[in-house]
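Here it is, the structure in full.
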Ligand code: ATP
Ligand code: MG
């Protein structure tokens, strides 16, 4: 049986009321629950206490005219618009027009009233009422959706956007939970084939016993994909918007699906905007770093070049003016100064260019299989010939380095920077040990000296470009070596650490995976 409509018949004539009741109960299309009142007063009282869907109103009541009744009805029910069908006598069309102007839906002439006429009139008014209610509901929903979308779009912070969205949609649909699931980007890019790692944002009941992996399979859920599209209009799946209801059975309505689709489209736009903002911020930050680096380069060059250039100029002009009269030994000394200072300046330029390549992510990285033991022992022999005999080199190799692949140029940079530090910062000489340890999937090497060491509190900063410790005194350097070394190590997928005690020496340890697949970042 369809829901009964509540009707109120207000007529002082009992016979008429009976007739209307009989006509209406015969309606094959609708079922009515009928109340009766024999005066306007009683009718108004009923309206106030029991809400009804329609009033059949006799225009001529003993205690009040139909027009007066309508005015009082609006007053007493605080303007609520219960539809009214007026019943008039023959020739009362003038009055009926007035009543229609006051909001009466229809009027019928009592004398001609037939069952089907009354039934049709009542059905039409009720149909109109249903459409109006639906229209109001749709307008209200549209208003809520617009407010919700505005709130979603007000933020550029992705987490905030997603939490706002789930909260607002959950309130709108009044379901147990709304969930936004982001399919894990890693699962996608690494092509692991498992697309089951989901990042979820949700709002609603804590009681739902939901397993994230079952979210997408459950029949109870209303699921809408969230798809991003870039400027080339290529679609990229991002995740899902899911409505879940388990406290009772729920048939999802088509307008609810429409809301979910609309929200999903708006979410995709908001997500893209937030992602764009993050990318811009990262680029801006990078740009700032580059600018800082460039100005540091200018400062360093002007500072570091002044002294050696002055020495070169002085030596060169002495040679030019007095070269003919100088002893061979002195001439040689000046030429040595020029050569040494020029070499120093050239290294500085090389280091800065290398560092700049790293900052711009443009360093070339090409790995080949390498026998590390052989590689390092030949580098150590090269070093040995360059330094004075105050330093003693010790080389230890244990384990197997089989299967190691690395970039020769970058490994040479790592070695030469660490080795030159070990020598430079142990001016009194001593042992410089190089240990190479081969493990199953990685190699570890460390260089240990017995030099000046590094103050503990300054150790963590020294991998930053241009950072030097306070105890270097007059030992030359620009503070680029460790930054370059760290960047080279990281390109190999490894890590570097430092262990040092002032005046007791320094140990720098490098761990590198034997094989490293570089992620392309540029
Ligand atoms: P360069 O760019 O010419 O290498 P640098 O040696 O000063 O200059 P880094 O190699 O980056 O620069 O080293 C940074 C700082 O770390 C050094 O200035 C020094 O203070 C400290 N340091 C590095 N290695 C050692 C070491 N083995 N013993 C003591 N201090 C060290
Ligand atoms: Mg150095």
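A Cβ is built for glycine as well, from the same backbone N, Cα and C atoms used for every other residue.
TrEMBL feature annotations, pasted as is:
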- 6-125: domain 'Response regulatory' (DOMAIN)
- 70-266: domain 'Phytochrome chromophore attachment site' (DOMAIN)
- 300-516: domain 'Histidine kinase' (DOMAIN)
- 58: 4-aspartylphosphate (MOD_RES)
Three states by DSSP: which one describes the residue listed as '4-aspartylphosphate'?
strand
Give the mean pLDDT for the domain 'Response regulatory' (6-125) on the 0 to 100 scale.
88
Counting only residues 6+ apart in the same chain, whose Cβ is under 8 Å from the Cβ of residue 58 (4-aspartylphosphate)?
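Counting only residues 6 or more apart in sequence, the Cβ neighbours of residue 58 (4-aspartylphosphate) under 8 Å are 10, 11, 12, 13, 16, 66, 87, 110.
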Provide the three-state DSSP residue tally for the domain 'Response regulatory' (6-125): helix first, then strand, then coil.
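Split by secondary structure, the domain 'Response regulatory' (6-125) comes out as 56 helix, 27 strand, 37 coil.
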